[in-house]
Amino acid sequence: MPLLFLERFPWPSLQTYTALSALLLAGTVLSAYSTVRDSEFSSALSEGPQNEELKLENLGNVATGVLLHLITDSLFVWVMVNTACCILMLIGKVIQCIVFGPLRVSEKQHLKDKFWNFIFYKFIFIFGVLNVQRVEEVVLWCLWFSMLIFLHLMVQLCKDRFEYLSFSPTTPMSSHVRVLALLVSVLSCCGGLAVLCALAGHIHGMHTVAFMAAECLLVTVRTGHVIIRYSIHLWDLNHEGTWENKSSYIYYTDFIMELAILSLDLMHHIHMLLFGNIWLSMASLVIFMQLRHLFHEVQRRIRRHKNYLRVIDNMESRFAVATPEELAANNDDCAICWDSMTTARKLPCGHLFHNSCLRSWLEQDTSCPTCRMSLNIHEGRREREEGQREPLEDNMAAAGAADARAHINQHNHFFHFDGSRIASWLPSFSVEVMHTTNILGIAQANNSQLNGMAHQIQEMFPQVPYHLILQDLQLTRSVEVTTDNILEGRIQVPFPTQSTDRTPIQMNAASEDGAGASSGSEVAAPEAEDFEVRGSRFSKSADERQRMLMQRKEELLLRARRRYLHKKPEDGDAYSVLGADNDDSVPSIEDEDSDSVTLRRRRLAAAAERRILRQEPSPF
């Protein structure tokens, strides 16, 4: 939190800071000169007149006295420290203009984060670990850490710029030369700081030398790391053809250097913890948290290296090197890096990839990059759990069995808190919230694969709706199992709608038998007709949707005609009320058991008619 406050504080610009520092230094020098001159003037009056040589000697003594006064005074010495910091900032600005030019947003953010973390942590080190009481020692440590932070920022800036330039093959060589020359200069400055550490060992003791040497070694190793990476990149640029072993050199360079930096930092913090009696202080908590973070980083790096070795072993044992005939027959570029292939490895699906590209891919996924076919690289449960926690490093876990239970389809929400962005001693932790959409724990295949299998089954069973086949495939993920379910009746197929003729139904209204025969033929007609399966309501095909709409329209017209014809009276005394239900069956009104409600209504209507006729008077 204090770092956030410092970052949001309205700091002055470099021009304003330089002007204020110059004014402050001038005022301090004038004040010190007036003090020294008064003392020298009083001594000169007591000694009498002097010649020119003595006057020049007195001027030299005055300059020396002013400098000593600035260094020894408890207030003026901080002005000198501020002046040194201002000079370093101006040197850094000049280096930026000559070597880097305008900085990118990410580079500025990295510099800001590293600067404030370094300031906060070294403040804890000076006043919490060393427990410095004298002003002179505080000044010396401030000057020492000012030089260190300057070198750290230069190395960080060179690293960010190298990562940016390495992605562009058209970068001019002059840009690389400038950055590499700056790295060599930083490395030589680290050698000079090592000499200062050796000189300080005779005065301040071995513990102080160990602290200074650890900080100096950290800068040296980081600088050497960037120089080696830069050398590999420049060699690859000037090397003709594809350098297959480049990724291996880069990986082992990163692994050795990062492990060396973490080990040095870990021993440095252990030394700080054991140096002072700080077991019950705030500084001890800070160091303990930093030790925990470094220890977990070492574990994570070693675990990642084991995963790398496991990937190499699986790749070399399972996937053979492609022969020249296969490369000539394929005649294609690598699908990962889009570069031509002189050597490649062949997957079981037949696709070819560079050795380094395939290794990088298998560290993240265990399927073919082109067709997404599972490679079935089986590992233990422990590796699977590690792969869920670190998907970019340890996800070479099992792809699952080929039957039906490979993975669980989950929607994950990953939240990560990086404490090092706020302060280097803050911990980093991650929270992953998962919910499973498949209760049975069966993975859902790719949509394209499911659609292909569903169309294949529908060609064999056209009477089964497409959506029912797709629902069963989402559970079984197997064409054979879904086919068995259809044959054994486990999939409930709805009764299909028959295709109807557009010609109106001709009914014989003269005789009751003719009507019965026509209705009977209508009921029996669907048995002789071919069935047409109605597609899904939300079909993707426009033709299928249009056909479904016309079919539904014809059904509604047919039912309306039937209702109209069956409600029309056929004889003078009797009415035939025929209803069309969902099965298109025509019930007979002569059967009393068919519809008791209709018969009761007819009887009531006949009785009411007779009553009305009796009440009417006779005309004669």
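The backbone N, Cα and C atoms fix where each Cβ goes, and this holds for glycine too.
Note that this is a predicted model, so its numbers are computed, not measured.
Listed features, source Swiss-Prot:
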- 75-95: transmembrane segment (TRANSMEM)
- 115-135: transmembrane segment (TRANSMEM)
- 138-158: transmembrane segment (TRANSMEM)
- 179-199: transmembrane segment (TRANSMEM)
- 201-221: transmembrane segment (TRANSMEM)
- 247-267: transmembrane segment (TRANSMEM)
- 269-289: transmembrane segment (TRANSMEM)
- 334-372: zinc finger (ZN_FING)
- 449-491: domain 'CUE' (DOMAIN)
- 510-544: region 'Disordered' (REGION)
- 531-544: compositional bias 'Basic and acidic residues' (COMPBIAS)
- 569-598: region 'Disordered' (REGION)
- 581-595: compositional bias 'Acidic residues' (COMPBIAS)
For the domain 'CUE' (449-491), provide the mean pLDDT of the predicted model. 80
What residues elsewhere in the chain lie close to the transmembrane segment (201-221), defined as a C-beta under 8 angstroms and at least 6 residues from its ends? 130, 144, 148, 151-152, 155, 186-187, 190, 193-194, 257, 260-261, 264-265, 267-268, 271-272, 275
Sequence-remote contacts (6 or more beyond its ends) of the transmembrane segment (138-158), Cβ cut-off under 8 Å? 77-78, 81, 84-85, 88, 91-92, 95-96, 100, 103, 107, 110-111, 114-115, 118-119, 122, 126, 130, 132, 179, 182-183, 186, 189-190, 193, 212, 215-216, 219, 222-223, 226
Summary of DSSP states over the domain 'CUE' (449-491), given as helix, strand and coil counts: 32 helix, 0 strand, 11 coil
